[in-house]
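What follows is a short report on a single structure.
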Amino acid sequence: MTYTANDEENKGRSTDNNNHRQMDYNDWLPVTASREAKWYYSAFHNVTAMVGAGVLGLPFAMSQLGWGPGLVAIIMSWAITFYSLWQMVQLHEAVPGKRLDRYPELGQEAFGPKLGYWIVMPQQLLVQIASDIVYNVTGGKSLKKFVELLFPNLEHIRQTYYILGFAALQLVLSQSPDFNSIKIVSLLAALMSFLYSMIASVASIAKGTEHRPSTYGVRGDTVASMVFDAFNGIGTIAFAFAGHSVVLEIQATIPSTPEVPSKKPMWKGVVVAYIIVIICYLFVAISGYWAFGAHVEDDVLISLERPAWLIAAANFMVFIHVIGSYQVFAMIVFDTIESYLVKTLKFTPSTTLRLVARSTYVALICLVAVCIPFFGGLLGFFGGLVFSSTSYFLPCIIWLIMKRPKRFSAHWWCSWVAIVTGISIAILAPIGGMRHIILSARTYKLFS
């Protein structure tokens with residue numbers, strides 16, 4: 001078989017058309033549609049993604065682990081995930097002339113086009129979906145608490161209706177075209193997360209000065225229950241460091257040049273975000289456990305009742321925050337769904353396609369949130385099941401494959417410590433989380 005000049009010309013035209021179509025797709029997909037983000041966008045996007053519902057569960061995790069193990073787990077998790085996040089920022093442009101804009105693309109570079117995609121994509125989607133389920137539950141519970149504190153005569157309204165109301169709001173916000181279009185929502189969410197963390201800390205300290213436990217034991221009446229609760233506590237802490245699943249996608253929105261690669265402004269934002277994260281986490285975890293001991297609720301704000309106006313304000317701030325967190329995590333799901341629809345199924349990119357796809361996702365998340373509104377168990381179960389992988393050990397495995405650090409060097413040791421820790425969490429935490437869900441389900445009535 002021979003090729004003519006016309007064949008070569010047609011082949012070149014076909015390649016140009018494919019490249020043009022690919023470029024058009026990237027201009028429409030939410031992750032790559034805009035690359036005009038500033039360094040501080042990455043700061044508040046990361047705070048919004050990280051300081052989510054998980055921070056309110058940290059005193060509960062402390063009550064399951066105790067003072068020493070609880071603080072060690074939080075600080076160690078912060079250090080490990082700070083390191084693994086640095087690895088991901090560095091790997092974003094590790095291949096010359098190419099930007100790895102999405103977590104699955106990084107996996108493909110490390111493990112191969114097919115294997116890499118199927119190793120990373122399902123785990124990333126599970127993180128995004130699990131986060132949105134928890135945020136839907138948290139948004140509904142926080143709004144209910146806010147309303148009941150201000151209007152006690154409305155206590156009869158079911159939690160289900162508040163979860164539905166939160167989902168209705170997400171239906172509207174989910175039509176935002178790309179990551180940068182939700183920057184105001186994300187900024188407001190980041191601000192709220194810091195404020196309600198400080199309110200929870202100050203209110204807990206005030207409560208503790210009036211009356212606090214004389215001893216600080218751990219939950220559980222039997223050795224078995226203590227062990228399972230400890231597993232759940234580890235998963236809850238892992239859930240609090242879930243932001244890695246959106247890091248590359250956030251970095252993809254930042255412009256990059258040979259003189260100023262995207263990793264420089266991105267890392268600047270990450271450092272600011274992680275300083276805010278550890279301040280919020282330690283303040284809330286220590287003050288909440290100090291004030292309530294083993295009797296703290298899985299959401300520390302539920303344990304706080306006075307002053308009513310302050311706790312109402314904190315719950316409303318949580319509600320505002322999880323609105324933004326939901327969007328940050330959902331944007332990656334939207335990108336995956338829409339990419340599949342236009343690239344594989346050959347749908348034409350349109351507003352109608354976006355409306356149908358995103359609305360379907362929000363509705364399904366809401367359905368699960370209504371059926372399984374067990375905040376504490378969800379944190380532990382999902383935190384161990386998939387968050388430990390995407391935040392703790394998967395970035396380190398990819399780093400070892402792509403960068404090949406010298407054996408027994410600092411990076412080699414740090415990576416292996418993170419890998420062993422992450423795998424241990426992945427094995428133990430879901431056991432405790434599932435047990436907590438089963439115990440909660442015994443007293444739960446559907447659509448209550």
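Just so you know, glycine gets a Cβ as well, placed from its N, Cα and C.
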Same membrane side for Y103 and H411 per Swiss-Prot: yes
Candidates 42-62, 115-135, 156-173, 270-290; stretch with most C-beta pairs under 8 Å toward the transmembrane segment (184-204): 42-62
For the topological domain 'Extracellular' (433-448), mean pLDDT (0 to 100): 58
For the topological domain 'Cytoplasmic' (86-114), the number of residues DSSP places in helix, strand and coil: 17 helix, 0 strand, 12 coil
Contact between the transmembrane segment (42-62) and the transmembrane segment (270-290) (3 or more Cβ pairs under 8 Å, separation 6+): yes
Touch test for the transmembrane segment (115-135) and the transmembrane segment (314-334), at least 3 Cβ pairs under 8 Å: yes
Non-local residues, at least 6 beyond the ends, that sit with Cβ under 8 Å of the transmembrane segment (270-290): 40, 42-44, 46-47, 50-51, 55-56, 58-63, 67, 70-71, 74-75, 78, 82, 85-86, 89, 190, 193-194, 197-198, 200-202, 204-205, 208, 212, 216, 240, 247, 296, 300, 303
Closest-packing stretch to the transmembrane segment (412-432), where packing means Cβ pairs under 8 Å, from 65-85, 156-173, 223-243, 314-334, 383-403: 383-403
